[in-house]
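One structure is given here, and the rest of the page talks about it.
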């Protein structure tokens, strides 16, 4: 629903005005570049010469070629104003304002739900004995009439009680520790965390190297095409996916030796996995920023960015987010079809001891939540550079929901490890909020710090995308301009945000 609302915002305020102006329904004016060096305005993404059918498939999967000059990417939005009767609609201003609007909407939506989950967790954790009595004497739902649902309810209550007992046992065991045992555990945790940091460093270096190699191999100067080019295009996505697949397995092995409480083990492992996924996106963007802003010679200083390799760098960033989202969807579908379903068939129809020992796939809630946070962070980052990306995300999660439902009911069994799903709503919302904060950073840097492309997009005549805001405010009457300056000052912003958080909390 959040992605659908973001899509409506972007479509109604950016895509629809451009589509209307192209159809000639209302008068519109194209952006006319002024005072720009001619070499900075060169941009021709469409391939020339004879194209084979597989080239269109490659372009569709990578967002290049014919797809680059569509409503999907930033570079297509070159309308300056649309005149609706007597009202002039500024597309550059609307593009910036709707970006701030969807980020603010996401923050308010997530914080509101996180506060609700926080209240529930406070009530549940206030008195452990009271919670135990509630499960024993009032935990059953007498409206259940189906045997399958009754078995699921039995299993749920059983897991909750097992978790309570495991936490109480762990609490008693910690109280009986000697000082020597405590020092030994802390030393072991320090050593294992050094290993974890080394693994993270290796993953981040691999992502940085893969991104740099992919950008150099598929730069406009090289003009390479073919299946190998598509593989290199997806190399950062492949490396990130491999890192996301391997590191959780390693972290689950390591955390077994760190002697944490069962509930904390799940959350700590999840935090590490979230850090790997979100930091991998950050490393990808940092390597992109480095390539975009660095020049091998002094000739590109007139443009402010590396215009030879990135004539429309915003669309290139949008393509990277587009590829990450497409590849993430393909991996989820492929794992379901080629891993989980064959595993279910083997366990069901094969009597071999190794297969029986391997067992049926478990449906782990934290891992699936992690996939959602990862994909949603990609959507938040890529929406500014690819305005229709939320529509793809909406369709993606609509399909994934039913894929997960089928694999849950047909291919998986309940997790054997105790897990408090009812108390983790707040924790999952906090992780989603961390992903949103991470998404705001690259979007803010791209808007406020990196020079806007001079060959595409609605901000050709501005040094940065942010400059449309002060330029518009300066055109207002004096009274309105002074009011806006007061509303944007720290003396108003701090009380406003405090009041906003209070309203969201209560």
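The backbone N, Cα and C atoms fix where each Cβ goes, glycine too.
Curation does not apply to TrEMBL; its annotations are automatic.
From a predicted model like this one, the values you see are computed outputs, not experimental measurements.
Looking at 426-450, 451-475, the range tied to transmembrane segment in TrEMBL is 426-450. Here TrEMBL gives transmembrane segment for one range in the set 143-163, 164-184, 269-289: that range is 269-289.
Checked against TrEMBL, the range among 30-55, 186-211 recorded as transmembrane segment is 186-211. For the transmembrane segment (231-257), the list of distant contacts is 58, 61-62, 64, 188, 192, 195-196, 199-200, 203, 206-207, 210-211, 213-214, 217-218, 265, 268-269, 272-273, 276-277, 280-281, 284, 320, 323-324, 327-328, 331, 367, 374: same-chain residues at least six beyond its ends, Cβ to Cβ under 8 Å. By the Cβ criterion (distance under 8 Å, sequence gap of 6 or more), the transmembrane segment (6-26) is counted as touching the transmembrane segment (89-111), at least 3 such pairs being found. DSSP states for the domain 'TMC' (312-422), grouped as helix (H, G, I), strand (E, B) and coil, give 84 helix, 4 strand, 23 coil.
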